[in-house]
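As annotated by TrEMBL, [4Fe-4S] cluster 1 binding site applies to B:62, B:65, B:160, B:194. TrEMBL lists B:62-207 with the feature domain 'NADH:ubiquinone oxidoreductase-like 20kDa subunit'. Here TrEMBL flags B:227-308 as domain 'Cytochrome-c3 hydrogenase C-terminal'. According to TrEMBL, the feature [4Fe-4S] cluster 2 binding site maps to B:232, B:235, B:260, B:266. The [3Fe-4S] cluster binding site annotation in TrEMBL covers B:275, B:294, B:297.
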């Protein structure tokens, strides 16, 4: 064990110095993934708030003559702008899944046919049910998280983007290029656009449920597990709190 | 095929001057959204083409389509019925009845095999071998199939023929079925609405007779010229929508001021029709103008889309009255409570572990 000079004089006991001198981090989330995560998070917050108000508008306001007042218009603008950022960001994320490191691909699949994977999922479920005393170490998402990410984000956000662009295309007109691309959504869901509105609305709550669980679990695991969680999505590095394998 | 008069012949015979005839052609071109260059083409078609025979049959329906049709202001239904189309069979409008009417039906089919247009108002119920709707002593579905066999094209008038309307609403005991699900081998044009706008109905017929083809149809088979935009897109209350000024209650000040009816459940944003442009009763008004939201009568399954008076409508699938927000909030609430409980247990367990390990150390 060799003490690195810059640690001398720091507020550190020998144990800290021993730990700090070891390489205990893995670079997991590359820059594009991290930027996407936070942009996406912000877009989703804006989309949920503005989307809720589109379904249930705020009380009528009497600021000016209707011609000079654009309250609901701005709410809808915020929704559409954030929607485009979400959609294009998601495309960029798919691009990075192909060209980035292998951790970037984890969001888009889960090893359905792999028995060992499901065993790990069960282990994670037990950990959350307080049936296991100690969690395992994972470099990327844990197996349960991977499953949740796939259903809530990969499928959920895809559904919201497709139905959202279809509804947006209606505003552009049935002769628009976007309607030509997404008009099939209305055929798929029983021809009545009202059904698509309702499903898109339910989709919001699907994403809200994900947000609640995701934020709770990320903070909880940051405290309880044997590895870093929250800071990993800021720095990209996964650090571990102990040296034991597994 | 026997010689039938042209539209122009009939019009002249009825004392319509050439000048009036040309005016009519221009107005029709305008109504159909065609360029002025098309006026001579319409005139030529009407001068040279024999009138197209039409068979108009009635299934399970309320006859509101016919009521609307005969109130057309432009082109006058009189012109359409008497001059433009040769309405050879319509059991509601024709003078003949009983066996004479049925004979006329057969005659028209035989005489104009493959050349007539079949206009269907209402739809066939298929349960109990179609016994829920009998015309001329036979289930309507048989009559429909028989008439459609030799038709050139089929027009589905109204929500009934296009989508099923109220008789096809859940649970649909008679299994009322829209025309396009029964007749699958003919070109079908849907003109939905309950009823469709009179000028839309006559406009569609005018187009088909003038150009001898179906007008441009949208994804669902509706004429794009009339169903290409939503009520919302051309609503005169749209500025209040964008401003965020809504009617909050039926009797409030905002209702008197004519604010947007979105919060009162107006289905204008999800309904494709021409009500906000062509309007009703010779262009007098339309539902939103008279202070009531659009109920979306020209959309598929509009009876099954929950209340007419909610924006976020009930989800009947959940058995009890619940809308997307109630379901979502309940789910989010349960998850939120679960998360809080989980966090509490986690904290307790962690504290327990700490006391245990400090005891062990001690």
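Placement of Cβ uses the backbone N, Cα and C atoms for every residue, glycine included.
Annotations in TrEMBL come from automatic prediction, not curation.
Everything TrEMBL records as a feature, shown here on the structure.
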residue: B:62; record: [4Fe-4S] cluster 1 binding site; Cβ neighbours (10 Å): 17
residue: B:65; record: [4Fe-4S] cluster 1 binding site; Cβ neighbours (10 Å): 29
residue: B:160; record: [4Fe-4S] cluster 1 binding site; Cβ neighbours (10 Å): 30
residue: B:194; record: [4Fe-4S] cluster 1 binding site; Cβ neighbours (10 Å): 22
residue: B:232; record: [4Fe-4S] cluster 2 binding site; Cβ neighbours (10 Å): 23
residue: B:235; record: [4Fe-4S] cluster 2 binding site; Cβ neighbours (10 Å): 24
residue: B:266; record: [4Fe-4S] cluster 2 binding site; Cβ neighbours (10 Å): 28
residue: B:275; record: [3Fe-4S] cluster binding site; Cβ neighbours (10 Å): 24
residue: B:294; record: [3Fe-4S] cluster binding site; Cβ neighbours (10 Å): 27
residue: B:297; record: [3Fe-4S] cluster binding site; Cβ neighbours (10 Å): 23
Sequence-ordered, the binding-site residues among B:235, B:260, B:266, B:294, B:297 whose CA is within 10 A of the CA of residue B:194 ([4Fe-4S] cluster 1 binding site) come to B:297
Starting from the Cβ of residue B:260 ([4Fe-4S] cluster 2 binding site), draw a 10 Å sphere and report how many other Cβ atoms land inside it.
-> 28
DSSP three-state assignment for residue B:275 ([3Fe-4S] cluster binding site) | helix
Residue B:65 ([4Fe-4S] cluster 1 binding site): which of the binding-site residues B:232, B:235, B:275, B:294 is the nearest Cα neighbour?
-> B:275
Mean per-residue pLDDT in the domain 'NADH:ubiquinone oxidoreductase-like 20kDa subunit' (B:62-207) works out to 88
Cα-Cα separation of residue B:294 ([3Fe-4S] cluster binding site) and residue B:266 ([4Fe-4S] cluster 2 binding site), in Å?
-> 5
Rounded inter-Cα distance in Å - residue B:232 ([4Fe-4S] cluster 2 binding site), residue B:297 ([3Fe-4S] cluster binding site) | 14
Once B:275, B:294, B:297 are set aside, which residues in the chain still have Cβ within 8 Å of the Cβ centroid of the [3Fe-4S] cluster site?
-> B:193, B:231, B:267, B:268, B:271, B:273, B:286, B:287, B:295, B:296, B:298
Do you know offhand how many angstrom separate residue B:235 ([4Fe-4S] cluster 2 binding site) and residue B:275 ([3Fe-4S] cluster binding site) by C-alpha?
-> 9
Note the Cβ centroid of B:62, B:65, B:160, B:194, the recorded [4Fe-4S] cluster 1 site, then list each other residue of that chain whose Cβ lies within 8 Å of it, in sequence.
-> B:61, B:63, B:64, B:121, B:122, B:157, B:158, B:159, B:165, B:195
If we check Cα distances from residue B:260 ([4Fe-4S] cluster 2 binding site), which of the binding-site residues B:62, B:275, B:297 wins as closest?
-> B:275
Shell of the [4Fe-4S] cluster 2 site beyond B:232, B:235, B:260, B:266, same chain only (C-beta within 8 angstroms of their C-beta centre) = B:231, B:237, B:238, B:241, B:261, B:262, B:268, B:269, B:288, B:293, B:294
Looking only at the binding-site residues B:62, B:160, B:266, residue B:275 ([3Fe-4S] cluster binding site) has its closest CA neighbour at B:266
Local backbone state of residue B:160 ([4Fe-4S] cluster 1 binding site), from DSSP in three classes = helix
Composition by DSSP (helix, strand, coil) of residues within the domain 'Cytochrome-c3 hydrogenase C-terminal' (B:227-308) | 33 helix, 6 strand, 43 coil
